[in-house]
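S.K.: Handing you a structure now.
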Amino acid sequence: MKKRLNIGLVGLGCVGSAVAKILQENQEIIKDRAGVEIKIKKAVVRDVKKHKGYPFEISNDLESLIEDEEIDIVVELMGGVEAPYLLAKKTLANQKAFVTANKAMLAYHRYELEQTAKNTPIGFEASVCGGIPIIKALKDGLSANHILSFKGILNGTSNYILSQMFKNQASFKDALKDAQRLGYAELNPEFDIKGIDAAHKLLILASLAYGIDAKLEEILIEGIEKIEPDDMEFAKEFGYSIKLLGIAKKHPDCIELRVHPSMIKNECMLSKVDG
């Protein structure tokens, strides 16, 4: 095993710069726990002038990073679908490990990438509920189990909005503005409030749990933008809360996948997940 792994980062935006900071600050911890030194060798960005002061090379030449024989792992932090997919294919073809949290890209292309990778590692734990972690549990811990169904809250932005509407009688519009002010929601929150982000995550989990390659267009998706304060009051009256759930169920002849707002009894643990 190598004593040092060199990393190439693609993207140094909010997430990318945070990843770089953590990797540098925690170098000794990682070395002690993993038995290997992790070093960022190079980062690729669109505008080199905007990224100064880093203790590693900054470049705008993506091909040079992919073809650099000293780089062992490429970490994708650029966003989008097709550009990261092409990056992943080239990286894996060069037998470099590839790490991404890009759920949209994985929802569409995970199976093709695994075929390209063969024995080259692909890491995507952070793509779905990274703090649990659920990917490792499905891939390793539950690999011998027959999973009949699962459901969960897969999007934090929509859950914060619904929590504010339920607890504070906020309108959808005001709760969304509050989420944006706090940095929980993007300026364009459509992926979150329309259930697309949760659907991407559900597709990744379902691919691991059931070995299927379902696409976004094949599943039911309903967002939270039509939820009104009156809906929350109605749910409260009968002892329920409303949450956006990702749901998977195994049937004898198919796998059912859906994302939509659901009424949940207040005694259920999912109803108590706020923020």
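Cβ coordinates come from backbone N, Cα and C, glycine included.
Under the heading NADP(+) binding site, TrEMBL lists GLY11, LEU12, GLY13, CYS14, VAL15, GLY16. TrEMBL lists 11-119 with the feature domain 'Aspartate/homoserine dehydrogenase NAD-binding'. Taken from TrEMBL, the feature NADPH binding site applies to LYS103. What TrEMBL records for 133-275 is domain 'Homoserine dehydrogenase catalytic'. According to TrEMBL, the L-homoserine binding site annotation covers GLU186. The annotation active site, proton donor is assigned in TrEMBL to LYS201.
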S.K.: Other than its own, how many Cβ atoms are within 10 Å of the Cβ belonging to GLY13 (NADP(+) binding site)?
M.R.: 13
S.K.: Sort out the sequence-distant neighbours of LYS103 (NADPH binding site) for me: same chain, 6+ apart, CB within less than 8 Å of its CB, listed by position.
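M.R.: Correct list: SER127, VAL128, ASP197, HIS200, LYS201, ILE204.
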S.K.: Could you say which of the binding-site residues LEU12, CYS14, VAL15 has its Cβ with the most other Cβ atoms inside 10 Å?
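M.R.: Comparing the binding-site residues LEU12, CYS14, VAL15, the most crowded Cβ belongs to LEU12.
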S.K.: To the nearest whole angstrom, what is the C-alpha distance linking GLU186 (L-homoserine binding site) and GLY11 (NADP(+) binding site)?
M.R.: 18
S.K.: Cβ-Cβ under 8 Å from GLY16 (NADP(+) binding site), same chain, 6 or more residues apart: which ones?
M.R.: LEU9, VAL10, ALA43, LEU77, MET78
S.K.: Please list, in sequence order, every residue of the chain apart from GLY11, LEU12, GLY13, CYS14, VAL15, GLY16 whose Cβ lies within 8 Å of the Cβ centroid of the NADP(+) site.
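M.R.: Here the nearby residues are SER17, ALA18, VAL19, LEU77, MET78.
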S.K.: Average the per-residue pLDDT over the domain 'Aspartate/homoserine dehydrogenase NAD-binding' (11-119) and send me the rounded value.
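M.R.: The average pLDDT of the model in the domain 'Aspartate/homoserine dehydrogenase NAD-binding' (11-119) works out to 95.
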